[in-house]
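K.L.:
Structure below; questions to follow.
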Amino acid sequence: MALLWLLSVFLLVPGTQGTEDGDMRLVNGASANEGRVEIFYRGRWGTVCDNLWNLLDAHVVCRALGYENATQALGRAAFGPGKGPIMLDEVECTGTESSLASCRSLGWMVSRCGHEKDAGVVCSNDTTGLHILDLSGELSDALGQIFDSQQGCDLFIQVTGQGYEDLSLCAHTLILRTNPEAQALWQVVGSSVIMRVDAECMPVVRDFLRYFYSRRIEVSMSSVKCLHKLASAYGATELQDYCGRLFATLLPQDPTFHTPLDLYAYARATGDSMLEDLCVQFLAWNFEPLTQSESWSAVPTTLIQALLPKSELAVSSELDLLKAVDQWSTETIASHEDIERLVEQVRFPMMLPQELFELQFNLSLYQDHQALFQRKTMQALEFHTVPVEVLAKYKGLNLTEDTYKPRLYTSSTWSSLVMASTWRAQRYEYNRYNQLYTYGYGSVARYNSYQSFQTPQHPSFLFKDKQISWSATYLPTMQSCWNYGFSCTSNELPVLGLTTSSYSNPTIGYENRVLILCGGYSVVDVTSFEGSKAPIPTALDTNSSKTPSLFPCASGAFSSFRVVIRPFYLTNSTDMV
């Protein structure tokens, strides 16, 4: 009887979805066939800007809502201004799309207008003749409640985890058979199955099994690893892929770094090279706050060995990097050989002569590795005191090696912070950032969308008194590009502009970068200057033509960017011949 009742549920209420991204509605009209256009995205309703809004776009809205066509495409908030986010701007439809979400636009929540420009439509009174009652959104909860009841089952599941009391659950084969992801369970011969899971994953097993019923599950920072592990073990490929995509989203949301380190260990244990590379990349861009966190002493040797060779590693200075390694070595168990391999990766030429001299007095590592430090210091002093053409001629140094190139140094010597927000927001973000991690970035009054600053021409001590002037600018509009003398196209905005008014040394080149900051403290992407401009990715993965940041920014927008100057010797320069 129970199985017959379950079957009737499936036959009467097909489908499992309620409101979805891209669903639309009309609001504030005098009748049902007119109103302000609102579209659903990520759990919220928002409006559409009237830039480029025309009858083809309005047709898409009206047809999706059951009307034959649109008679008017209205702008300037004809049905009153809306509230919440402006979801789409510069929409361009062909008229045949099923939703505005399928049309060309700037992307989700990327807009240059306010609610005074909300788009509206008037649809024809004629409908397609179809009137739909759709209660399918209730099915997911109904099926979930069937699992919660633990009644009328024909499959019994014993869940075991070391250190945990066994968990006894039951399921309904009929429901499981409708879900291909549950195949590993419903294909079991007999009426019972044993699930062996890690002890840490026992708390999420019930949610995992319920997902096979409701097709819905809440994934958090604390549960994503275990759900990914269970999905991988039991062939729930959609859940596995979803959790895999969430890793990049969740990594920046843990200022303690427990999650990135836990996921790195998980990736190493399971041989997941993509997740391992993702964790290493995030930790390299956020290396300095990692070294200042309580998690620093728990970082495994293999991870530090993966981080130190990277040029795109963000830290105040090379000296601070070496001090962090020194501190780590006193709080962890690492072999003499492992420590030597780590010190070999430190770029001694990027430290000034005075800093090199003081190492013998300030580092606990120095005495145990004195010969290595002396050799590396001599290499660095040659770099600082001998002109590049002489080094190339007599020493045969390969100046293209990473040891002679800077990393992403975030101190004021080599970088400047550019804001893209109001002064009030700047002050908030600055205070939040420096409460979490002290980088010594100086007074907040200096932080705005235009920055003039100076850096040495080159890290060599030979250039200590030779400064080069830079101007960095956040360019959100075509007007701002014209104001500051940049040539831009609307498709590339916003961008970061960088110019120099100083004479450039023909033996020196620059590989300058922009650190994209989310919430003022997490680096979620790094972009390169192509000529005088560096692209700014979108904060979220949208249907925009622009590339999203490698790690999504949950706030939906970036408010600060750190411009980093990276000089290097041009070894093929004619001045060196």
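Each residue, glycine too, has its Cβ placed from N, Cα and C.
Pasting the relevant annotations from Swiss-Prot:
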DISULFID  Cys49-Cys113  disulfide bond
DISULFID  Cys62-Cys123  disulfide bond
DISULFID  Cys93-Cys103  disulfide bond
DOMAIN    24-124  domain 'SRCR'
DOMAIN    153-221  domain 'BTB'
DOMAIN    260-360  domain 'BACK'
CARBOHYD  Asn69  N-linked glycosylation site
CARBOHYD  Asn125  N-linked glycosylation site
CARBOHYD  Asn362  N-linked glycosylation site
CARBOHYD  Asn398  N-linked glycosylation site
CARBOHYD  Asn543  N-linked glycosylation site
CARBOHYD  Asn572  N-linked glycosylation site
SIGNAL    1-18  signal peptide
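Thinking about packing and proximity, how do these listed features fit into the structure?
P.N.:
Reduced to three states, the DSSP call for Cys49 (disulfide bond) is strand.
For Cys123 (disulfide bond), the Cβ neighbour count at a 10 Å cut-off comes to 26, with all displayed protein chains included. In the three-state DSSP scheme, Cys123 (disulfide bond) falls into the strand class.
Non-local contacts of Cys93 (disulfide bond) by the CB criterion (under 8 A, 6+ apart in sequence, same chain) comprise Leu56, Asp57, His59, Val60, Leu100, Ser102, Cys103, Arg104. According to its DSSP assignment, Cys93 (disulfide bond) is coil.
In terms of DSSP helix, strand and coil, the domain 'BTB' (153-221) has 28 helix, 16 strand, 25 coil.
The secondary structure of Asn69 (N-linked glycosylation site), as reduced to three states from DSSP, is coil rather than helix or strand. Long-range Cβ proximity for Asn69 (N-linked glycosylation site), meaning a same-chain Cβ under 8 A and a gap of 6 or more residues, is found for His59, Cys62, Arg63, Cys123, Ser124, Asp126.
Residues near Asn125 (N-linked glycosylation site) in space but far in sequence (CB under 8 A, at least 6 apart, same chain), listed by position: Asn33, Tyr67.
Around Asn362 (N-linked glycosylation site), the same-chain residues at least 6 positions away in sequence with a Cβ under 8 Å from its Cβ are Lys323. The DSSP secondary structure for Asn362 (N-linked glycosylation site) is helix.
Under 8 Å, Cβ to Cβ, and six or more positions away along its own chain, Asn398 (N-linked glycosylation site) finds no residue.
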K.L.:
In this structure, which of the disulfide-bonded residues Cys49, Cys62, Cys103, Cys113 has the fewest other Cβ atoms within 10 Å of its Cβ?
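P.N.:
With the disulfide-bonded residues Cys49, Cys62, Cys103, Cys113, fewest surrounding Cβ atoms within 10 Å: Cys113.
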K.L.:
Using DSSP with the three-state reduction, classify Cys103 (disulfide bond) as helix, strand or coil.
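P.N.:
In three-state terms, Cys103 (disulfide bond) counts as coil.
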